[in-house]
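One structure is given below, encoded as structure tokens.
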Amino acid sequence: MADSVPGHVAGGGLQGFSVDAECIKQRVDEVLQWVDSLEHKLKEVEEFYSSIGVSNSGSIGKDTEKGRHVVGIRKIQQEAARREAVAAKRMQDLMRQFGTIFRQITQHKCAWPFMHPVNVEGLGLHDYFEVIDKPMDFSTIKNQMEAKDGTGYKHVMQIYADMRLVFENAMNYNEETSDVYSMAKKLLEKFEEKWAHFLPKVQEEEKIREEEEKQAAKEALLAKEASHIKTTRELGNEICHANDELEKLMRKVVERCRKITIEEKRNIGLALLKLSPDDLQKVLGIVAQANPSFQPRAEEVSIEMDILDEPTLWRLKFFVKDALDNAMKKKKEEETKTRELSGAQKKEVSKKRNATTKLAERKTKRSRI
């Protein structure tokens, strides 16, 4: 983030730049483009705080600023990887425990029809895939449970779902009066009974995972905020640097300009009387920038034109001109809007008057008849 101001000559300030007007203009354009990029970065920071409902860094930011809860991005990633590894190990333990239920069900005397995939062609079940969307059997489940290549089950609930699918497929395809239907129903009941005793362990793991995910989200937020706090601090420094550069450039320009005349000073003073309260506050800010001892918030404030330096006078001259021009433009727009509104109102009144006249004429004609 510690980019230097574009075109800045380290240790040389503006000495490496020609005093030629075109060179100064080009330099100003470079700095202004750089300021635009800073504003874009600042907007990203503001959007971040807006998205988490915090303005100017809330309690999280305060703790982060104190250094007590700063968590680096790399550390967050390492902690997340460690947490995932521990969670995966816990889930593997659960799936191993579930293996006991699986063996008990598959060793039951009614399990044999479901041990292997249905031989659709051999049994002539031509409509099987029209009824069954996802075939499932115990051998497929066993292979998935024992897979070592990363393609196996990641969660015990996946095994539970496939176990149910075995029985549901059999009950959906076969008639209720068939032996296969009866065996599937009997095994499903036994399986659900055993699962009911096992389920609390799964629910406890879900609670642990939920808490871990909340903590991970909080740590990620802390890391991101720490990054944005650092960015904000650097942006502040760079913006000050940019202001200094622009101030130097302005002084270079002023050095090439003529001095403000006494008449111009008087006109500036008179123009100040026409400014709005907001613009007057900006004027006081301009004076305060050039004169640190000036107190813009004092009860009584006076501006002595004769003691102001040339750069400040030129800034005031241009500011006052722009402020008055904008005020005049705004006034003209309001007058135009008022005239348009007045014209519309007059048309409406005229329209109503004409309607009233026509109505009166109709009544007169009727009375004559």
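Backbone N, Cα and C atoms are what each Cβ position is placed from, and that goes for glycine too.
Annotated in Swiss-Prot:
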DOMAIN    89-198  domain 'Bromo'
COILED    201-263  coiled coil
DOMAIN    250-331  domain 'NET'
REGION    329-369  region 'Disordered'
COMPBIAS  329-348  compositional bias 'Basic and acidic residues'
MOTIF     351-368  motif 'Bipartite nuclear localization signal'
PLDDT averaged over the residues of the domain 'NET' (250-331): 82
DSSP residue counts for the domain 'Bromo' (89-198), split into helix, strand and coil: 76 helix, 0 strand, 34 coil
